[in-house]
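Okay, so here's the structure we're looking at.
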Ligand SMILES: Cc1cc2nc3c(=O)[nH]c(=O)nc-3n(C[C@H](O)[C@H](O)[C@H](O)COP(=O)(O)OP(=O)(O)OC[C@H]3O[C@@H](n4cnc5c(N)ncnc54)[C@H](O)[C@@H]3O)c2cc1C
């Protein structure tokens, strides 16, 4: 036995590394096992951070080409240097992953390099050595979901990982799946000049989001030049000398047709990743979707083994994983860790952005909850007009009787930042009137949030 720890966390994504840091802050002796060459997991290496770097760069390029003329800025000879754009993305990732390494050193968290396998409760093997721990935390994350008949090679048929690495703008990119990742990366390549077609099995985009928001969002993306084939399924993909030929048919069945693409992005969702972790050997139970089963305190059915993040049930989001990491570390240190699953924002980082929080109208209707809706468009917001970013609206759903905010949905400029004030409001159990009576700076995009809160009582001022 090499060394004994209070906690060994397997996986250094936002769930794992944050859990390790918080446990160390609380005085526990902590190790984190990571098999990737760098820390930070999917999020920092091949997920949130590189995708946001490319979204920002492509947005800057697109604005320079198309939006700035309207502001009186005329530039000739604007060119795309994709190699530099990709190199910058690499620099952003490197700064972030090195940052986690620094934080591990600062907090005295030991990085055990290699793949971790649980050999018995309280025992983890890494690279031929065995380590002991009072508590083992599984934070091994997720991987891209495969689709039979569509074989990924990460060059012409890619997952998000390959879509972040393309060294040439494809003429025609076909995205399979109209969810967050497909639409974000589709937007990147659309802005850089690709023709983009999104094929979605369902009859709508971003399933799980408010239906009205999803419809409005699709209209905006269509205006930006994206094409959509909804209620359509992909049944096969054949690679040839000149790209890929996809076979598609109506989701309900019917005549098939072919679509040609230079690059295909497969983004139909992600699934829990537990390969070679030894779960079966130690008897850790998983559910029908391969996720590690946990109770309300992140404990599995095997004493001393816990799990957090994408590998367990719940939204596959970095901040959900982080908050679970903090809560679990606090529980292991004898404190009262807790995550409020009713207030977890979800953001699509296109432009405009889409942000969702709490219940959708569809969910409230299904639950038979009586509610009021307050909506306010960015066309009536002074700051949005000044920015030239008037697409979208803020929508607040509040309990009909108590006025307590039950959900908030924004499609519009910087929606991902705007939603934060409503998250704080919901954490404090605020009513729509509380937000409406809060003084908001003028002129700010947040005034649209205040106006939507006023609109819940039918008294918006600026419309
Ligand atoms: C393209 C893309 C964009 C995204 N954008 C966003 C976004 O904007 N916002 C957001 O909230 N979420 C986003 N996500 C989702 C987010 O990345 C995940 O929700 C988050 O990374 C989950 O964190 P985690 O700690 O559970 O697991 P992960 O980040 O997946 O980390 C798990 C780590 O465990 C390691 N590991 C696995 N098995 C072992 C083993 N046996 N031994 C050692 N190490 C092991 C893996 O190498 C990996 O580094 C995005 C995902 C993708 C793919």
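In case you wondered, yes, glycine gets a Cβ from its N, Cα and C as well.
Listed features, source TrEMBL:
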DOMAIN    5-325  domain 'FAD/NAD(P)-binding'
DISULFID  43-48  disulfide bond
BINDING   52, 116, 140, 141, 142, 310, 316, 317, 318, 319  FAD binding site
BINDING   177, 178, 179, 180, 181, 182, 183, 184, 200, 269  NAD(+) binding site
DOMAIN    344-453  domain 'Pyridine nucleotide-disulphide oxidoreductase dimerisation'
ACT_SITE  442  active site, proton acceptor
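Structural mapping of features recorded in TrEMBL.
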| residue | record | CB count, 10 Å |
| --- | --- | --- |
| 43 | disulfide bond | 25 |
| 48 | disulfide bond | 21 |
| 52 | FAD binding site | 15 |
| 140 | FAD binding site | 31 |
| 142 | FAD binding site | 22 |
| 179 | NAD(+) binding site | 21 |
| 200 | NAD(+) binding site | 26 |
| 316 | FAD binding site | 22 |
| 318 | FAD binding site | 20 |
| 442 | active site, proton acceptor | 10 |
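Comparing the Cα of residue 140 (FAD binding site) with the Cα of every entry in 177, 179, 181, 183, 442, these being the recorded positions, the smallest distance points to 181. With a cut-off of under 6 Å between the Cβ and any atom of ligand 1, the binding-site residues 181, 183, 200 reduce to 181. The most densely surrounded of the binding-site residues 181, 183 is 183 (count of other Cβ atoms within 10 A of its Cβ). In the three-state DSSP scheme, residue 318 (FAD binding site) falls into the helix class. Annotation for residue 177 (NAD(+) binding site): same-chain Cβ neighbours under 8 Å, separated by at least 6 residues, are 198, 199, 200, 201, 266, 267, 268, 269. Listed in chain order, the extra residues whose Cβ falls within 8 Å of the Cβ center of the NAD(+) site residues 177, 178, 179, 180, 181, 182, 183, 184, 200, 269 are 175, 186, 198, 205, 206, 267, 268. The domain 'Pyridine nucleotide-disulphide oxidoreductase dimerisation' (344-453): residue composition by secondary structure is 42 helix, 33 strand, 35 coil, according to DSSP. Across the structure, residue 442 (active site, proton acceptor) and residue 318 (FAD binding site) place their CA atoms 32 angstrom apart. Residues 52, 116, 140, 141, 142, 310, 316, 317, 318, 319 are the ones the record ties to FAD, and the longest Cα gap between any two of them is 30 Å. Taking the C-alpha positions, the distance from residue 43 (disulfide bond) to residue 142 (FAD binding site) comes to 10 Å.
Checked against residue 179 (NAD(+) binding site), the recorded positions 48, 52, 142, 316 differ in C-alpha distance, with 316 being the nearest. Separating the Cα atoms of residue 52 (FAD binding site) and residue 183 (NAD(+) binding site) is a whole-number distance of 13 Å.
Cα distances from residue 318 (FAD binding site) to the recorded positions 48, 181, 183 are smallest for 48. Taking CA atoms as the reference points, residue 142 (FAD binding site) and residue 183 (NAD(+) binding site) are 19 Å apart.
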